[in-house]
Amino acid sequence: MADHHALSMDAVDCPALAALRWDEPPEGPVIVLLDQRRLPSQEVELVCTDVPALVEAIRTLAVRGAPLLGIAGAYGVVLAAVRGFDADEAAGMLAGARPTAVNLAYGVRRALAAYHRAVDGGLSAERAAKAALAEARALHREDAEASERMAAHGLALLEELVPGGGYQLLTHCNTGALVSGGEGTAFAVAAAAHRAGQLRRLWVDETRPLLQGARLTAYEASRAGMAYTLLADNAAGSLFSSGEVDAVLIGADRVTADGSVANKVGSYPLAVLARYHHVPFVVVAPSTTLDFGTADGSGVEVEQRPGQEVTDFAVPGEAGTVASVPVAPVGTQVYNPAFDVTPPELVTAIVTENGVVSPVTKVGLAQLCARSRSGNGMMSI
Ligand SMILES: CSC[C@H]1O[C@H](OP(=O)(O)O)[C@H](O)[C@@H]1O
């Protein structure tokens with residue numbers, strides 16, 4: 001079950017964005033989400049009291065973005081355990097909610113493993129749920145720390161790639177606090193550049209069809225006081241040819257062992273444009289997005305989403321409703337992959353919290369992860 005209530009957020013003081021939190025009101029533990037379907041026109045919290053509601057929130061992108069999906073999945077296992085539902089069944093529902101972001105299954109697995117370790121150790125169901133909660137909170141905290149470290153590594157990389165500062169950075173989709181336990185991934189690097197006085201402009205791809213750029217990145221850039229300009233996805237080629245892009249910064253939903261990058265659809269064409277125009281193409285992702293169990297991009301399951309997302313325009317209506325207004329003729333066939341895969345040879349560098357890999361190679365990624373093996377990387381479970 002899920003319920004909405006308005007957030008009394010004062011736009012003036014712009015507190016840090018919290019996309020998700022665990023709460024324990026008297027009526028029982030809940031997961032509270034900032035409903036990203038309603039942004040930017042409405043800052044509304046969605047309160048999930050059970051796993052089916054959280055699965056629906058994940059499927060409809062009320063909560064989204066690879067690292068945050070992992071955190072949501074971990075808390076989802078806890079929600080099941082504390083409310084007496086089968087944790088394994090809940091884990092299967094959560095991990096299957098969206099297939100491409102490897103972080104979701106990772107977060108679910110990590111909380112479930114903590115729960116089972118406690119049960120196998122003879123602890124009560126209540127104590128086992130608390131063990132899972134501690135693991136979910138650790139993942140949440142680690143992701144916030146990873147954001148800070150990626151921002152620092154990414155800013156240092158920009159100083160190398162684009163001497164002289166005053167960066168004009170192009171980003172795609174949304175990779176800020178709305179996808180993270182902290183300030184995000186690629187957007188966190190742009191925010192660090194902004195705070196360092198080195199961001200001349202953030203070019204924001206609208207990111208059709210769900211407009212994560214126009215709705216969410218523009219919202220976050222505005223809150224951060226950045227100079228940003230929105231562009232239609234189709235205008236990116238013209239922008240590159242104008243010479244006004246110093247580097248591309250994007251996130252990732254899955255990086256395979258060879259360095260192939262699954263990310264929001266539209267990322268691959270940007271990589272091709274960047275290569276043609278000799279512009280650095282930088283991927284920023286925490287180690288929880290690295291998937292050494294998948295050899296290369298051909299092994300990535302790319303989520304295919306409903307055609308209505310392309311045939312219709314979602315128009316914010318009264319009282320927080322979102323109307324779906326058809327644009328294409330009824331019966332129109334639609335191709336709507338949520339992601340695409342960029343081959344490693346088109347990626348200038350991958351920035352993680354443990355450092356930078358450039359050029360992007362299987363060996364380089366493995367060596368980077370070896371440095372984090374005892375940390376929160378995929379290798380730890
Ligand atoms: C760095 S995670 C953000 C990542 O997730 C987005 O996908 P979605 O909005 O469908 O969850 C997109 O791929 C972003 O790059």
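Placed from the backbone N, Cα and C atoms, the Cβ positions cover glycine too.
TrEMBL labels come from automatic prediction, so no person has curated them.
Matching Q198, Q212, Q308 to the substrate binding residues that TrEMBL gives (R64, G65, A66, R98, N263, K264) identifies Q212. Within 8 Å of the centroid defined by the CB atoms of R64, G65, A66, R98, Q212, N263, K264, the record's substrate site, lie the Cβ atoms of L69, A101, C173, N174, V179, G251, D253, A338, F339, excluding the listed residues themselves. Fewest Cβ neighbours within 10 Å among the binding-site residues Q212, N263: this applies to Q212. Put simply, D253 (active site, proton donor) is 11 Å from R64 (substrate binding site) when counted between their Cα atoms. The secondary structure of A66 (substrate binding site), as reduced to three states from DSSP, is helical. Proximity to D253 (active site, proton donor), judged by a C-alpha distance within 10 Å, picks out A66, N263 from the binding-site residues A66, R98, N263. If you take the C-beta of C173 (site 'Transition state stabilizer') and look for same-chain residues 6 or more apart in sequence within under 8 angstroms, you find D205, T207, Q212, G213, T217, I250, G251, N263, K264, G266, S267.
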